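J.: Annotations per TrEMBL:
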type	residues	note
DOMAIN	31-124	domain 'Acyl-CoA dehydrogenase/oxidase N-terminal'
DOMAIN	130-217	domain 'Acyl-CoA oxidase/dehydrogenase middle'
DOMAIN	234-386	domain 'Acyl-CoA dehydrogenase/oxidase C-terminal'
Ligand SMILES: Cc1cc2nc3c(=O)[nH]c(=O)nc-3n(C[C@H](O)[C@H](O)[C@H](O)COP(=O)(O)OP(=O)(O)OC[C@H]3O[C@@H](n4cnc5c(N)ncnc54)[C@H](O)[C@@H]3O)c2cc1C
(Lines of atoms letter the chains of each structure in order from A and count residues from 1; the text may use other names and numbers.)
(Lines give C-alpha, C1' and ligand atoms only; values in the text may rest on other atoms or scores of the structure.)
Protein backbone atom coordinates (compact mmCIF):
# COMPACT_ATOMS: atom_id res chain seq x y z
CA UNK A 1 0.00 0.00 0.00
CA UNK A 2 1.40 3.38 -0.95
CA UNK A 3 1.34 6.43 1.27
CA UNK A 4 -1.08 8.01 -1.22
CA UNK A 5 -3.66 5.30 -0.54
CA UNK A 6 -2.99 5.57 3.12
CA UNK A 7 -3.43 9.27 3.72
CA UNK A 8 -6.47 9.06 5.98
CA UNK A 9 -4.33 7.52 8.66
CA UNK A 10 -0.60 7.90 9.09
CA UNK A 11 0.47 4.29 9.50
CA UNK A 12 4.16 4.98 9.48
CA UNK A 13 6.03 4.51 12.73
CA UNK A 14 5.91 7.30 15.28
CA UNK A 15 9.54 8.30 15.49
CA UNK A 16 11.61 11.15 16.88
CA UNK A 17 13.52 13.34 14.38
CA UNK A 18 16.71 11.45 15.36
CA UNK A 19 15.08 8.06 14.75
CA UNK A 20 13.68 9.38 11.49
CA UNK A 21 17.18 10.54 10.43
CA UNK A 22 18.71 7.17 11.30
CA UNK A 23 16.00 5.27 9.40
CA UNK A 24 16.42 7.55 6.37
CA UNK A 25 20.21 7.07 6.43
CA UNK A 26 19.86 3.26 6.52
CA UNK A 27 17.20 3.37 3.83
CA UNK A 28 19.26 5.57 1.49
CA UNK A 29 22.33 3.37 1.88
CA UNK A 30 20.44 0.20 1.09
CA UNK A 31 18.35 1.73 -1.74
CA UNK A 32 21.44 3.08 -3.52
CA UNK A 33 23.69 0.09 -2.87
CA UNK A 34 23.43 -1.25 -6.42
CA UNK A 35 23.37 2.11 -8.20
CA UNK A 36 26.42 3.87 -9.62
CA UNK A 37 26.39 7.70 -9.64
CA UNK A 38 27.61 7.90 -13.24
CA UNK A 39 25.16 5.29 -14.58
CA UNK A 40 21.97 6.37 -12.78
CA UNK A 41 19.14 7.17 -15.18
CA UNK A 42 16.12 9.46 -14.83
CA UNK A 43 13.97 6.31 -14.35
CA UNK A 44 16.26 4.99 -11.56
CA UNK A 45 16.04 8.31 -9.70
CA UNK A 46 12.27 8.47 -10.10
CA UNK A 47 11.90 4.90 -8.77
CA UNK A 48 14.05 5.70 -5.72
CA UNK A 49 12.00 8.83 -5.06
CA UNK A 50 8.67 6.94 -5.21
CA UNK A 51 9.99 4.17 -2.91
CA UNK A 52 11.27 6.79 -0.45
CA UNK A 53 7.84 8.45 -0.41
CA UNK A 54 6.09 5.09 0.09
CA UNK A 55 8.38 4.44 3.07
CA UNK A 56 7.13 7.68 4.66
CA UNK A 57 10.51 9.36 4.14
CA UNK A 58 9.52 12.20 1.81
CA UNK A 59 7.02 15.06 2.00
CA UNK A 60 6.70 14.52 5.77
CA UNK A 61 5.76 18.10 6.59
CA UNK A 62 2.87 18.22 4.11
CA UNK A 63 -0.62 17.81 5.62
CA UNK A 64 -1.89 14.22 5.76
CA UNK A 65 -4.93 15.14 3.65
CA UNK A 66 -2.63 16.32 0.83
CA UNK A 67 -0.47 13.19 0.93
CA UNK A 68 2.09 14.12 3.59
CA UNK A 69 2.51 13.12 7.23
CA UNK A 70 1.78 16.45 8.99
CA UNK A 71 5.13 16.30 10.82
CA UNK A 72 6.93 19.44 12.13
CA UNK A 73 9.57 21.19 9.98
CA UNK A 74 12.39 19.72 12.11
CA UNK A 75 11.90 16.52 10.11
CA UNK A 76 12.54 18.44 6.88
CA UNK A 77 15.76 19.86 8.35
CA UNK A 78 16.85 16.31 9.26
CA UNK A 79 15.88 15.15 5.76
CA UNK A 80 17.99 17.89 4.11
CA UNK A 81 20.97 16.91 6.25
CA UNK A 82 20.70 13.18 5.55
CA UNK A 83 20.21 13.38 1.77
CA UNK A 84 23.38 15.46 1.33
CA UNK A 85 25.70 13.24 -0.69
CA UNK A 86 22.82 11.23 -2.21
CA UNK A 87 21.68 13.97 -4.61
CA UNK A 88 22.79 11.86 -7.58
CA UNK A 89 20.34 9.11 -6.57
CA UNK A 90 17.10 11.09 -6.26
CA UNK A 91 15.60 13.63 -8.66
CA UNK A 92 15.82 17.33 -7.90
CA UNK A 93 12.19 17.99 -6.94
CA UNK A 94 12.66 21.64 -6.01
CA UNK A 95 10.42 22.88 -8.85
CA UNK A 96 7.64 20.27 -8.52
CA UNK A 97 7.57 19.96 -4.72
CA UNK A 98 9.27 23.19 -3.61
CA UNK A 99 7.50 25.61 -5.96
CA UNK A 100 4.51 24.23 -7.89
CA UNK A 101 2.97 22.06 -5.14
CA UNK A 102 2.90 24.84 -2.49
CA UNK A 103 1.48 27.27 -5.07
CA UNK A 104 -1.28 24.75 -5.77
CA UNK A 105 -1.83 24.31 -2.04
CA UNK A 106 -2.26 28.10 -1.70
CA UNK A 107 -4.40 28.80 -4.78
CA UNK A 108 -5.59 25.53 -6.37
CA UNK A 109 -9.19 24.35 -6.12
CA UNK A 110 -9.86 21.36 -3.80
CA UNK A 111 -10.29 19.21 -6.95
CA UNK A 112 -6.94 20.35 -8.39
CA UNK A 113 -5.23 19.72 -5.05
CA UNK A 114 -6.75 16.25 -4.66
CA UNK A 115 -5.86 15.33 -8.22
CA UNK A 116 -2.26 16.49 -8.26
CA UNK A 117 -0.51 17.17 -4.95
CA UNK A 118 0.07 13.64 -3.62
CA UNK A 119 1.19 12.57 -7.11
CA UNK A 120 3.65 15.48 -7.13
CA UNK A 121 5.01 14.43 -3.74
CA UNK A 122 5.47 10.83 -4.91
CA UNK A 123 7.17 12.00 -8.10
CA UNK A 124 4.44 10.48 -10.29
CA UNK A 125 3.97 13.93 -11.81
CA UNK A 126 6.85 16.23 -12.73
CA UNK A 127 5.98 19.94 -13.04
CA UNK A 128 7.72 22.99 -14.41
CA UNK A 129 7.03 26.73 -14.79
CA UNK A 130 6.12 28.55 -17.99
CA UNK A 131 6.86 32.11 -16.92
CA UNK A 132 9.78 33.65 -18.85
CA UNK A 133 9.40 34.76 -22.47
CA UNK A 134 11.89 36.27 -24.91
CA UNK A 135 10.46 39.70 -23.99
CA UNK A 136 9.60 39.07 -20.31
CA UNK A 137 12.03 37.79 -17.67
CA UNK A 138 12.69 40.06 -14.71
CA UNK A 139 9.64 42.03 -15.78
CA UNK A 140 7.00 39.30 -15.86
CA UNK A 141 4.18 41.83 -16.15
CA UNK A 142 5.26 42.04 -19.82
CA UNK A 143 4.14 38.41 -20.47
CA UNK A 144 2.50 38.22 -23.90
CA UNK A 145 1.45 34.58 -24.43
CA UNK A 146 -2.27 34.93 -25.19
CA UNK A 147 -5.00 32.70 -23.74
CA UNK A 148 -8.32 33.43 -25.41
CA UNK A 149 -11.52 31.93 -24.06
CA UNK A 150 -13.33 29.56 -26.44
CA UNK A 151 -16.26 27.77 -24.74
CA UNK A 152 -14.91 25.67 -21.86
CA UNK A 153 -11.31 26.06 -23.05
CA UNK A 154 -8.59 28.67 -23.30
CA UNK A 155 -6.65 28.67 -26.57
CA UNK A 156 -2.96 29.49 -26.03
CA UNK A 157 -0.60 31.12 -28.52
CA UNK A 158 2.93 32.44 -28.09
CA UNK A 159 6.38 31.46 -26.84
CA UNK A 160 7.96 30.72 -23.46
CA UNK A 161 11.69 30.27 -22.87
CA UNK A 162 14.22 28.91 -20.32
CA UNK A 163 11.68 26.29 -19.20
CA UNK A 164 13.62 23.88 -16.97
CA UNK A 165 13.19 20.17 -17.60
CA UNK A 166 10.18 20.64 -19.91
CA UNK A 167 11.07 17.42 -21.75
CA UNK A 168 10.61 15.34 -18.59
CA UNK A 169 7.72 17.36 -17.17
CA UNK A 170 4.06 16.33 -17.32
CA UNK A 171 2.51 19.68 -16.38
CA UNK A 172 3.46 23.35 -16.13
CA UNK A 173 2.06 26.32 -14.28
CA UNK A 174 1.86 28.95 -17.03
CA UNK A 175 1.47 32.71 -16.70
CA UNK A 176 -0.64 33.87 -19.65
CA UNK A 177 -2.43 37.00 -20.80
CA UNK A 178 -6.18 36.45 -20.68
CA UNK A 179 -7.23 40.08 -21.07
CA UNK A 180 -4.95 42.33 -23.15
CA UNK A 181 -7.34 45.25 -22.54
CA UNK A 182 -6.49 45.51 -18.83
CA UNK A 183 -3.41 47.18 -17.29
CA UNK A 184 -0.24 45.01 -17.47
CA UNK A 185 -0.53 43.24 -14.10
CA UNK A 186 -4.31 43.00 -14.32
CA UNK A 187 -4.87 40.87 -17.43
CA UNK A 188 -2.78 37.83 -16.44
CA UNK A 189 -3.93 34.38 -15.30
CA UNK A 190 -2.19 31.21 -14.08
CA UNK A 191 -3.11 27.98 -15.87
CA UNK A 192 -2.20 24.30 -15.46
CA UNK A 193 -0.91 23.25 -18.90
CA UNK A 194 -0.52 19.51 -19.66
CA UNK A 195 2.68 19.43 -21.72
CA UNK A 196 1.71 16.40 -23.81
CA UNK A 197 -1.25 18.26 -25.40
CA UNK A 198 -1.30 18.98 -29.15
CA UNK A 199 -0.07 22.49 -29.87
CA UNK A 200 2.71 22.35 -27.23
CA UNK A 201 6.09 22.17 -28.98
CA UNK A 202 9.16 21.75 -26.77
CA UNK A 203 12.62 22.53 -28.17
CA UNK A 204 15.70 21.96 -25.97
CA UNK A 205 18.29 24.74 -25.51
CA UNK A 206 21.93 23.81 -24.96
CA UNK A 207 23.95 25.70 -22.32
CA UNK A 208 27.73 26.14 -22.10
CA UNK A 209 28.20 22.73 -20.38
CA UNK A 210 26.81 21.02 -23.49
CA UNK A 211 23.70 19.88 -21.61
CA UNK A 212 20.17 20.99 -22.45
CA UNK A 213 18.62 21.69 -19.03
CA UNK A 214 16.08 24.16 -20.34
CA UNK A 215 13.85 24.63 -23.36
CA UNK A 216 11.86 26.91 -25.58
CA UNK A 217 8.15 26.06 -25.46
CA UNK A 218 6.00 27.13 -28.39
CA UNK A 219 2.24 27.24 -27.87
CA UNK A 220 0.30 26.99 -31.06
CA UNK A 221 -3.46 26.93 -30.53
CA UNK A 222 -2.96 24.68 -27.49
CA UNK A 223 -6.31 24.08 -25.74
CA UNK A 224 -6.48 24.12 -21.94
CA UNK A 225 -9.75 23.63 -20.02
CA UNK A 226 -11.04 26.64 -18.05
CA UNK A 227 -11.13 24.24 -15.06
CA UNK A 228 -7.29 24.44 -15.12
CA UNK A 229 -7.32 28.06 -13.89
CA UNK A 230 -5.33 28.36 -10.66
CA UNK A 231 -6.77 31.29 -8.75
CA UNK A 232 -9.22 33.59 -10.52
CA UNK A 233 -9.18 34.70 -14.13
CA UNK A 234 -7.10 37.89 -14.54
CA UNK A 235 -5.74 37.53 -11.00
CA UNK A 236 -2.69 35.52 -12.02
CA UNK A 237 -0.35 38.18 -10.63
CA UNK A 238 -1.43 37.25 -7.09
CA UNK A 239 -0.70 33.57 -7.78
CA UNK A 240 2.65 34.50 -9.35
CA UNK A 241 3.69 36.51 -6.29
CA UNK A 242 3.08 33.47 -4.06
CA UNK A 243 4.88 31.25 -6.53
CA UNK A 244 8.00 33.45 -6.65
CA UNK A 245 8.06 33.57 -2.86
CA UNK A 246 8.01 29.76 -2.70
CA UNK A 247 10.65 29.65 -5.44
CA UNK A 248 13.09 31.91 -3.59
CA UNK A 249 12.72 29.86 -0.44
CA UNK A 250 13.03 26.57 -2.38
CA UNK A 251 16.22 27.80 -4.07
CA UNK A 252 17.76 29.01 -0.80
CA UNK A 253 20.25 26.98 1.12
CA UNK A 254 18.98 24.67 3.81
CA UNK A 255 15.44 24.37 2.50
CA UNK A 256 13.71 21.44 0.84
CA UNK A 257 15.13 21.90 -2.63
CA UNK A 258 18.53 23.32 -1.80
CA UNK A 259 21.65 21.46 -2.79
CA UNK A 260 24.25 23.67 -1.11
CA UNK A 261 24.22 21.91 2.26
CA UNK A 262 26.97 19.61 1.11
CA UNK A 263 30.26 20.45 2.79
CA UNK A 264 31.86 22.25 -0.17
CA UNK A 265 34.60 23.68 2.05
CA UNK A 266 35.73 20.26 3.29
CA UNK A 267 35.71 18.87 -0.25
CA UNK A 268 37.79 21.82 -1.55
CA UNK A 269 40.38 21.49 1.26
CA UNK A 270 40.71 17.79 0.41
CA UNK A 271 41.14 18.68 -3.28
CA UNK A 272 43.78 21.36 -2.53
CA UNK A 273 45.68 18.86 -0.37
CA UNK A 274 45.53 16.21 -3.13
CA UNK A 275 46.82 18.75 -5.69
CA UNK A 276 49.62 19.82 -3.30
CA UNK A 277 48.53 23.50 -3.27
CA UNK A 278 47.06 23.80 0.23
CA UNK A 279 50.01 25.90 1.39
CA UNK A 280 49.68 28.52 -1.33
CA UNK A 281 48.49 31.88 0.00
CA UNK A 282 46.15 32.61 -2.91
CA UNK A 283 44.51 29.18 -2.49
CA UNK A 284 44.12 29.70 1.26
CA UNK A 285 42.51 33.10 0.58
CA UNK A 286 39.87 31.61 -1.73
CA UNK A 287 39.25 28.73 0.70
CA UNK A 288 38.73 31.26 3.49
CA UNK A 289 36.22 33.06 1.27
CA UNK A 290 34.30 29.79 0.71
CA UNK A 291 34.31 29.10 4.46
CA UNK A 292 32.97 32.58 5.25
CA UNK A 293 30.31 32.44 2.51
CA UNK A 294 29.14 29.02 3.66
CA UNK A 295 28.93 30.10 7.29
CA UNK A 296 26.97 33.22 6.31
CA UNK A 297 24.72 31.07 4.16
CA UNK A 298 24.19 28.59 6.95
CA UNK A 299 23.33 31.29 9.49
CA UNK A 300 21.17 33.30 7.06
CA UNK A 301 19.38 30.12 5.96
CA UNK A 302 18.65 29.12 9.56
CA UNK A 303 17.49 32.65 10.44
CA UNK A 304 15.30 32.72 7.36
CA UNK A 305 13.69 29.32 8.08
CA UNK A 306 13.07 30.14 11.74
CA UNK A 307 11.77 33.62 10.88
CA UNK A 308 9.39 32.29 8.24
CA UNK A 309 8.15 29.55 10.58
CA UNK A 310 7.51 31.94 13.45
CA UNK A 311 5.97 34.56 11.15
CA UNK A 312 8.56 37.13 12.25
CA UNK A 313 9.95 37.35 8.72
CA UNK A 314 7.75 37.65 5.65
CA UNK A 315 7.98 35.74 2.36
CA UNK A 316 10.40 38.26 0.73
CA UNK A 317 13.01 36.97 3.20
CA UNK A 318 13.51 34.08 0.75
CA UNK A 319 15.36 36.59 -1.43
CA UNK A 320 18.11 36.81 1.22
CA UNK A 321 18.68 33.06 1.17
CA UNK A 322 18.70 32.97 -2.62
CA UNK A 323 21.25 35.80 -2.84
CA UNK A 324 23.43 33.94 -0.32
CA UNK A 325 23.23 30.76 -2.40
CA UNK A 326 24.35 32.68 -5.50
CA UNK A 327 27.30 34.28 -3.67
CA UNK A 328 28.41 30.95 -2.18
CA UNK A 329 28.19 29.25 -5.59
CA UNK A 330 30.50 31.90 -7.07
CA UNK A 331 33.02 31.52 -4.23
CA UNK A 332 33.08 27.72 -4.67
CA UNK A 333 33.56 28.07 -8.44
CA UNK A 334 36.44 30.56 -8.03
CA UNK A 335 38.18 28.37 -5.45
CA UNK A 336 37.81 25.26 -7.63
CA UNK A 337 39.39 27.07 -10.59
CA UNK A 338 42.23 28.38 -8.45
CA UNK A 339 43.00 24.90 -7.08
CA UNK A 340 42.74 23.09 -10.42
CA UNK A 341 44.82 25.70 -12.26
CA UNK A 342 45.65 24.65 -15.83
CA UNK A 343 44.20 21.18 -15.17
CA UNK A 344 40.81 22.87 -14.93
CA UNK A 345 41.19 24.47 -18.35
CA UNK A 346 42.46 21.44 -20.26
CA UNK A 347 42.28 18.06 -18.53
CA UNK A 348 43.27 14.60 -19.60
CA UNK A 349 40.42 12.82 -21.42
CA UNK A 350 40.44 9.94 -18.90
CA UNK A 351 40.08 12.27 -15.88
CA UNK A 352 36.32 12.10 -15.34
CA UNK A 353 36.61 13.72 -11.89
CA UNK A 354 38.03 17.00 -13.20
CA UNK A 355 35.47 17.00 -16.02
CA UNK A 356 32.64 16.63 -13.49
CA UNK A 357 34.05 19.38 -11.24
CA UNK A 358 34.51 21.80 -14.13
CA UNK A 359 30.97 21.10 -15.33
CA UNK A 360 29.80 22.19 -11.85
CA UNK A 361 31.99 25.30 -12.08
CA UNK A 362 30.34 26.23 -15.38
CA UNK A 363 26.97 26.05 -13.67
CA UNK A 364 27.80 28.60 -10.98
CA UNK A 365 25.83 31.50 -12.58
CA UNK A 366 22.55 29.56 -12.35
CA UNK A 367 21.47 30.45 -8.79
CA UNK A 368 22.12 34.13 -9.52
CA UNK A 369 19.67 34.10 -12.46
CA UNK A 370 17.03 31.36 -11.99
CA UNK A 371 13.98 32.44 -10.00
CA UNK A 372 14.87 36.13 -10.46
CA UNK A 373 18.37 37.60 -10.79
CA UNK A 374 20.45 38.79 -7.84
CA UNK A 375 19.75 42.41 -8.87
CA UNK A 376 16.02 41.72 -8.60
CA UNK A 377 16.48 40.03 -5.19
CA UNK A 378 18.37 43.14 -4.03
CA UNK A 379 15.39 45.24 -5.11
CA UNK A 380 13.02 42.95 -3.17
CA UNK A 381 15.18 43.13 -0.03
CA UNK A 382 15.54 46.93 -0.31
CA UNK A 383 11.84 47.58 -0.89
CA UNK A 384 10.06 44.86 1.08
CA UNK A 385 12.41 44.17 3.98
CA UNK A 386 14.26 47.47 4.45
CA UNK A 387 11.41 49.78 3.45
CA UNK A 388 13.52 51.73 0.94
CA UNK A 389 11.96 53.64 -1.99
CA UNK A 390 10.68 51.57 -4.93
CA UNK A 391 12.83 50.74 -7.99
CA UNK A 392 11.89 52.98 -10.91
C1 LIG B 1 19.00 27.60 -14.48
C2 LIG B 1 17.80 28.41 -14.90
C3 LIG B 1 16.55 27.84 -14.87
C4 LIG B 1 15.43 28.58 -15.28
N5 LIG B 1 14.22 27.97 -15.27
C6 LIG B 1 13.13 28.65 -15.68
C7 LIG B 1 11.85 27.99 -15.75
O8 LIG B 1 11.72 26.79 -15.47
N9 LIG B 1 10.78 28.69 -16.16
C10 LIG B 1 10.88 30.01 -16.48
O11 LIG B 1 9.85 30.60 -16.82
N12 LIG B 1 12.08 30.67 -16.45
C13 LIG B 1 13.20 30.01 -16.06
N14 LIG B 1 14.42 30.64 -16.03
C15 LIG B 1 14.53 32.03 -16.51
C16 LIG B 1 14.79 33.04 -15.41
O17 LIG B 1 13.68 33.17 -14.56
C18 LIG B 1 15.14 34.38 -16.10
O19 LIG B 1 16.32 34.17 -16.86
C20 LIG B 1 15.36 35.48 -15.10
O21 LIG B 1 14.18 35.84 -14.44
C22 LIG B 1 15.94 36.75 -15.79
O23 LIG B 1 15.18 37.11 -16.89
P24 LIG B 1 15.89 37.40 -18.30
O25 LIG B 1 16.78 36.26 -18.60
O26 LIG B 1 14.83 37.75 -19.28
O27 LIG B 1 16.84 38.66 -18.05
P28 LIG B 1 16.41 40.21 -18.07
O29 LIG B 1 15.16 40.39 -17.28
O30 LIG B 1 16.40 40.66 -19.48
O31 LIG B 1 17.61 40.87 -17.28
C32 LIG B 1 18.87 41.19 -17.92
C33 LIG B 1 19.76 41.87 -16.88
O34 LIG B 1 19.16 43.11 -16.43
C35 LIG B 1 19.05 43.12 -15.01
N36 LIG B 1 17.81 43.80 -14.61
C37 LIG B 1 16.56 43.63 -15.15
N38 LIG B 1 15.65 44.40 -14.51
C39 LIG B 1 16.32 45.05 -13.51
C40 LIG B 1 15.93 45.98 -12.50
N41 LIG B 1 14.66 46.38 -12.36
N42 LIG B 1 16.90 46.44 -11.64
C43 LIG B 1 18.19 46.02 -11.77
N44 LIG B 1 18.63 45.14 -12.73
C45 LIG B 1 17.70 44.66 -13.57
C46 LIG B 1 19.01 41.66 -14.61
O47 LIG B 1 19.47 41.48 -13.28
C48 LIG B 1 19.97 41.03 -15.63
O49 LIG B 1 21.30 41.17 -15.20
C50 LIG B 1 15.56 29.94 -15.66
C51 LIG B 1 16.84 30.51 -15.68
C52 LIG B 1 17.96 29.77 -15.32
C53 LIG B 1 19.30 30.40 -15.35
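Every residue, even glycine, has its Cβ placed from backbone N, Cα and C.
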J.: Quick check on the domain 'Acyl-CoA dehydrogenase/oxidase N-terminal' (31-124): DSSP residue counts for helix, strand, coil, in that order please.
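T.: So the domain 'Acyl-CoA dehydrogenase/oxidase N-terminal' (31-124) is made up of 61 helix, 0 strand, 33 coil.
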J.: Treating G and I as helix alongside H, and B as strand alongside E, what does DSSP give for the domain 'Acyl-CoA oxidase/dehydrogenase middle' (130-217) in helix, strand and coil?
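T.: Its residues divide into 7 helix, 44 strand, 37 coil.
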